[in-house]
Amino acid sequence: MFGDRQRPMVLVLGLGESGLAIARWCARHGCRLRVADTRETPPNLAALTAAGVDFEFVGGAFSPALVDGGIELVALSPGLSPLAEDLAPLVAAARERGIPVWGELEFFAQALAALGANGYAPKVIAITGTNGKTTTTSLAGLLCERAGKKVAVAGNISPAMLDKLTEAIDAAALPDVWVLELSSFQLDTAHTFAPDAATILNITQDHLDWHGGFAAYAAAKGRVFGPRTVRVLNRDDAEVMRFAPPAAAADAPRAVTFGLNEPAADGDYGLLRENGIAWLVEAIDRDGADAPAAPSRRRKQEAANPPDIALKRLMPADALRIRGLHNAANALAAYALARAIGLPAAPLLHGLREYRGEPHRVEVIATLDGVDYVDDSKGTNVGATVAALDGLAQRAVLIAGGDGKGQDFEPLAAPVARWCRAVMLIGRDAPALREALADTGVPLADHATLEAAVRAASALAQPGDAVLLSPACASLDMFRNYAHRADVFRSAVEDIALEKGTTL
């Protein structure tokens, strides 16, 4: 359960949702606990006390002295960067003493290994990427359920993995399939995690301050793959395709790709555009044997004799209830993951048609006088906003801005020039956005509030357009969180609807 340690003394750093779950899990298994948080009274302190857990609490600045006194294992909450000025010396001190540093995902992986010794062998699906994780995770969970499996969905999507596992153990209802949404923070401190199938949906700039740079951020995403994990890769993303196994490697894991073009290799997924209809398709080798060769042997055969590929139509893309080409890609990824663990196609396709999407993720909240009002408040980075604009593929008045987290806004310029009638700028980093978009030829307007930006956008939008809130930025400079930002947007749209004599 804890590597080669039976009941170690554990230092839990940070008492957020994940830290609380780790503390409860460790206490459940007889560990001695020291819990530290930079806040003197973190919100979850009362919850941990109420759970009857015996622990020592240390509030205030982190210091290397926290690993003194017999600490054998350090548990790091995902919100805490090991590179942070107050934390780096502590992490260094732990490693100098040979004390492992784990995150919740590593505790979860160790727990599954321990349960596996008693015969528990679930399938594990993992989803990461800069954008699209929650949609793909929720959809993959639904697909597995529709295939008749008992499914647990957890991770970055909430609830915490260890809380979900505890609940399942106590209910004597361990799932057949785990579907996990994983952030780069969670993956950074994983060491033995090895899911059956995993995807990296995309990799664009985000959380660079936490990881110390783009290379480290991308490397953290790559930790989602174990040595035998089926790799489901976005072939439209060059950074993702760096994780494709080498073709010549005899022991290379199986890999399949998805993308918005026609797939060219057996088992890959994509889109076929024919007679004005876009189809979700799977590439099938017409000459393939009923029993497929091992991956390395198959690659050698394909090199000698290129396969005769046919495209099997799965369903029209328009039959998906989630909007945008980026969501077609997410649907293909979820389907590929479910197929990778051996689930039958028919119930999965029914699930794809059923899924309605997640709130605040390219969610059409109203159509007024022919104008769509689209809430993409969860679009907190440049890649998300690029995906929203390209995915909607319609003329838009974009509302963007907030806390840019040190991102480069230049990649927004091309899709803004292609799709935007105008851009309404809000928030702290509006000047940086203005500079990045200055040469697009698209009108730019600054607004002190989101409400003012929505009104101005509504006045400019034409029938067939979208008023798109996709900020490309975090929200904390103006709002409590992205959901609060979405609520303000919705309220402003409701006011406009009332003035037009209707309601949402």
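In case you wondered, yes, glycine gets a Cβ from its N, Cα and C as well.
Taking a C-beta cut-off of under 8 Å and a sequence gap of six or more, GLY129 (ATP binding site) has these contacts in its own chain: THR136, THR199, ILE200, LEU201, ASN202, ILE203, LYS221, ASN234, VAL240. According to DSSP, GLY129 (ATP binding site) is assigned to coil rather than to any helix or strand. According to Swiss-Prot, the ATP binding site annotation covers GLY129, THR130, ASN131, GLY132, LYS133, THR134, THR135.
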Just name the most isolated of the binding-site residues THR130, ASN131, THR134, THR135, going by other Cβ atoms within 10 Å of its Cβ.
THR134
Other residues near the ATP site, CB within 8 A of the CB centroid of GLY129, THR130, ASN131, GLY132, LYS133, THR134, THR135?
ILE127, THR136, LEU201, ASN202, ASN330, ALA384
